[in-house]
Amino acid sequence: MIRYLLGRLLQAVIVLWAAYTVAFVILYALPGDPAALIASGGDPANSTASPEQIAELRARYGFDQPVVVQYLQHLGALLTGDLGTSPRTGSVSAAIAAAVPATAQIAGLGIALSIIVGGGWALLATAVRVGWLRQAMLALPPLGVSVPSFWAALLLLQLFSFRLGLLPAFGNDGFASLILPSVTLSILGTAVIAQVFGRGLRAQEDQAYIDTAVAKGAGRARVHLRHAARNAALPTLTITGVLVGNFLGGAVVTETVFSRTGLGQLTATAVSTQDIPLVLGIVVFGAAVVVLCTLLVDLIYPLLDPRVGRSTRSGARPRRAAVERTPLPAGETR
């Protein structure tokens, strides 16, 4: 188990380094002069800064150094826990810490909605015995994956804010202001969970232990909820880390559309002004959150299925796919 955890931690470090490096390369490949953007407040066309002032800013923030030197300097500071200083916001760590709570609120509510609605829809769709209705219900989740978040946000704004006047359109004031952004974020998560969970439930229906349980007198609903759902939930758990990453990415669009102050709006502003230290700090933070969630899933998985725990204690990587295809016999508990 310890060997497995050390391997996962090493993978996490590699992922963080790769995310940081890719973001750094992309930022420096963008056209424009970061120092000129800083001097003009993000509007170089109407800048009144002199060439001397721009040169001073280049020297202050190290933009006059070779790109390799800048990369190593930023990376060295990151290894000491210093995310750097933004010319706009000051301490990058402080700016991220101030923005995270607002984003965590809509992300947390969005994840809860995704689990409840997506899981409930999959259970209901697979429990329906009318063939055409079941197929129609199972065909809806893929449509949710294809819905652009900005389009969904504008549609929700138009309907519930501008036409019906039921919910606030913009801002961070109160619980009501969380509903539309959270629903917007949850659309993708709901669709993904409904697809994965529904596919797992259908796979369990073909297993012999389902027929055995029914033959012993267990009701279809009980077998569906107690046995099939439990086994089908395991592969659904593995997508949690990916969904968290999608929620962080979706927050950029969602918070911009709903004019919410948070990590998403901070990211959009940092990218538009080429605020390199702030963008790199946000990328590292987002990658760390996704890696942490994935690691937590890996730790929780053996608790839900002891067979995975035995494989990790032996030093082998958990073979989730094989475990998921091997359901528990009826009546047996984990």
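Positions of Cβ are set from backbone N, Cα and C atoms, glycine also.
Per TrEMBL, the feature domain 'ABC transmembrane type-1' maps to 100-301. Here TrEMBL flags 310-334 as region 'Disordered'. Residues annotated as transmembrane segment in TrEMBL: 12-30, 106-128, 140-162, 174-197, 232-258, 278-304.
Of the Cβ pairs linking the transmembrane segment (106-128) with the transmembrane segment (174-197) and spaced 6 or more residues apart, 3 or more are under 8 Å, so the two regions touch.
Within its own chain, the transmembrane segment (232-258) is flanked in space by residues 102-103, 106-107, 110-111, 114, 119, 149-150, 153-154, 157, 169-171, 177, 180-181, 184-185, 188-189, 192-193, 196-197, 200-201, 203-204, 264-265, 267-268, 286, 289-291, 293-294, 297, 300-301, 304-305, 320, 323-324, which lie at least six positions past its ends and keep a Cβ under 8 Å from the stretch.
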